[in-house]
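Student: Pulled these from TrEMBL:
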{"type": "TRANSMEM", "residues": "7-27", "note": "transmembrane segment"}
{"type": "TRANSMEM", "residues": "39-63", "note": "transmembrane segment"}
{"type": "TRANSMEM", "residues": "84-110", "note": "transmembrane segment"}
{"type": "TRANSMEM", "residues": "145-163", "note": "transmembrane segment"}
{"type": "TRANSMEM", "residues": "175-202", "note": "transmembrane segment"}
{"type": "TRANSMEM", "residues": "214-243", "note": "transmembrane segment"}
{"type": "TRANSMEM", "residues": "255-276", "note": "transmembrane segment"}
{"type": "TRANSMEM", "residues": "308-336", "note": "transmembrane segment"}
{"type": "TRANSMEM", "residues": "348-369", "note": "transmembrane segment"}
{"type": "TRANSMEM", "residues": "375-397", "note": "transmembrane segment"}
{"type": "TRANSMEM", "residues": "418-441", "note": "transmembrane segment"}
{"type": "TRANSMEM", "residues": "447-465", "note": "transmembrane segment"}
Amino acid sequence: MARETWATRLGFILAAVGSAVGLGNIWRFPWQTAENGGSAFLVVYLGIVLLVGVPGLLGEFVIGRRANKSPVGALRELSGQRSWGFIGMFSVITGISLLSFYSVVGGWIMRYLLESGVSLVGSDPAYFTNPGQYFGGVSAGADAALYHLLFLGLTALIVFAGIRKGIELGTKIMMPAVLVLLGGLAAWAATQPNAAAGYAFFLRFDPSVISENFFAILGPAAGQALFTLSLGAGTMITYASYLGEDRSLPFDGSAIAVLNTSVGVITGLVVFPLLFSQGINPTETGTGPGALFVGLAGAFSQLPAGTLIATAFFAVVTLAALSSSISMLEIPVAFLVDEYDVSRKRAVAGMAGLVAVTGTVCAFEPSIFGFVAGTLVNILLTAGLAAFLLFVGWVMGRDAIEELASGAGSLGRSLSTPWLFAVGIVLPLFLVFTLLTHFGVDGSIGFWRTVGIAVVASAVAFFGLRRPESVV
Ligand code: PHE
């Protein structure tokens with residue numbers, strides 16, 4: 001059977017934006033910002049999105065479009081070596097790990113959405129009375145598992161319907177809805193009393209906070225940038241594998257990064273004014289995955305028309321989460337379809353069945369959930385992107401330049417050599433360094449020694465991968 005492709009250019013962009021925009025922007029971003037110094041975090045994060053995120057995104061696109069295969073087949077075919085196929089297998093593991101915790105959070109959100117929607121007629125949502133206690137009750141255990149299965153079921157249905165009729169059509173409906181609802185909420189939040197304090201927390205730029213905390217912020221900001229752009233998992237390789245040669249990858253990649261970052265910033269413009277208007281300071285109320293739910297639920301309960309606003313908010317989050325979860329499930333599904341010729345329907349049933357189990361474990365065990373959502377995902381994404389970019393720079397070499405330039409016009413051609421240098425050398429070095437910080441290495445041996453290890457490890461990788469015809 002012929003491999004599927006996107007029907008339209010906009011379809012691909014919206015699907016990739018749909019993958020990027022998700023709980024990372026709406027749930028993880030405000031929580032990470034609050035935990036890491038507010039606007040200082042924002043600035044470092046924006047820098048990393050621009051300098052690492054965009055070139056990294058192009059790296060994944062180049063692999064996927066060149067091979068027209070999902071990561072395992074793509075790395076094996078383009079290198080002609082089976083061992084690269086094994087490295088590609090990590091993307092399958094990453095996709096399953098991501099979806100296992102993501103689907104649990106998606107379940108929490110659907111639970112809040114249903115609770116708010118039902119309360120539009122009738123009494124206040126149950127979480128208004130005691131937001132902390134409510135969240136404690138629904139975030140782990142049978143309840144969380146049930147809603148996780150519901151969210152996973154919806155995800156599977158969309159992926160089941162295929163690239164054009166499922167993912168493309170779904171994101172074409174979901175993404176505009178997210179943008180309109182979120183814009184409306186931001187405009188409304190601006191009218192709330194004390195909104196200015198929220199903006200100040202989020203946007204006032206204080207250089208001293210950055211200079212004092214730069215290295216502490218760097219790791220979380222890099223993790224957040226990769227997570228939010230869906231980098232390192234092979235999602236973007238997979239999505240680009242359904243692309244034709246006529247699109248400009250640099251244009252599409254930049255559009256995706258700009259749209260994704262805008263959604264993150266607009267979400268901040270909703271969340272922080274709302275919290276501050278109700279006297280809730282996110283750094284004081286404590287942080288962690290639940291803080292946003294508890295804080296916002298508390299704010300909604302005090303607002304005029306709070307139930308309506310809550311319904312709109314949780315609807316945005318549900319749609320954004322779904323358009324990302326489908327891209328996670330597509331990684332292992334495309335792997336089975338490409339490598340084993342399994343039908344899409346069987347592949348979806350098998351993989352969703354597996355995640356039903358792994359997600360249920362996360363739903364019952366907060367410690368496992370925390371490990372998967374934090375440490376494991378950070379490590380898998382950082383190591384994954386480093387491997388993909390080393391592959392682009394040292395295994396694909398000139399082919400990568402040709403692929404990037406294809407369909408990109410003269411600007412694309414002139415950018416491609418500096419880009420290859422960045423993805424082949426600078427970015428892997430940076431990623432290996434952040435990987436070491438995720439393992440806490442810098443804490444035990446100090447910053448400069450960690451830099452030293454990153455340089456040596458990268459040099460060994462460069463040396464090992466060097467092909468005579470590589471450009472860098
Ligand atoms: N980018 C998604 C979000 O922000 C998460 C994601 C990560 C999706 C990796 C796919 C791959 O929610």
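Cβ atoms here come from the backbone N, Cα and C positions, even for glycine.
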Student: Test the contact criterion for the transmembrane segment (84-110) and the transmembrane segment (145-163): 3 or more CB pairs under 8 Å, pairs 6 or more apart in sequence, then answer yes or no.
Tutor: yes
Student: For the transmembrane segment (447-465), name the stretch out of 145-163, 175-202, 214-243, 308-336, 375-397 with the most CB-CB pairs under 8 Å.
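Tutor: Comparing 145-163, 175-202, 214-243, 308-336, 375-397 against the transmembrane segment (447-465), the winner is 375-397.
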Student: Determine which residues of the chain contact the transmembrane segment (348-369) at the Cβ level, with the cut-off under 8 Å and only residues 6 or more beyond its ends counted.
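Tutor: For the transmembrane segment (348-369), the sequence-distant neighbours (Cβ-Cβ under 8 Å, at least 6 residues beyond its ends) are 96-97, 99-101, 103-104, 107, 139-142, 144-145, 148-149, 152-153, 155-156, 159-160, 329, 332-333, 336, 342.
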Student: What stretch in 175-202, 214-243, 308-336, 418-441 has the biggest tally of Cβ pairs under 8 Å against the transmembrane segment (255-276)?
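Tutor: Highest pair count goes to 175-202.
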Student: Mind checking which residues of the chain, 6+ beyond the ends of the transmembrane segment (7-27), have their Cβ under 8 Å from one of its Cβ atoms?
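Tutor: Apart from its flanks, the transmembrane segment (7-27) reaches 102, 105-106, 109, 164, 167-168, 170-172, 174-175, 178, 224, 227-230, 235-236, 239, 242-243, 247, 252, 255-257, 259-260, 263-264, 267, 289, 292, 316-317, 320-321, 323-327.
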Student: As a test: from 39-63, 214-243, 375-397, pick the stretch that has the greatest number of Cβ pairs under 8 Å with the transmembrane segment (308-336).
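Tutor: By the under-8 Å Cβ criterion, the transmembrane segment (308-336) pairs most with 214-243.
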Student: Any residues 6+ beyond the ends of the transmembrane segment (214-243) with a Cβ under 8 Å from its own?
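Tutor: The answer is 3-6, 12, 15-16, 19-20, 22, 24-25, 28-29, 32, 35-37, 40-41, 44-45, 48-49, 52-53, 56-57, 60-65, 67-71, 74, 88, 91-92, 94-95, 98, 163, 249, 256-257, 260, 264, 324, 327-328, 330-331, 334, 377-378, 380-386, 388, 430-431, 434, 437-438, 442, 447.
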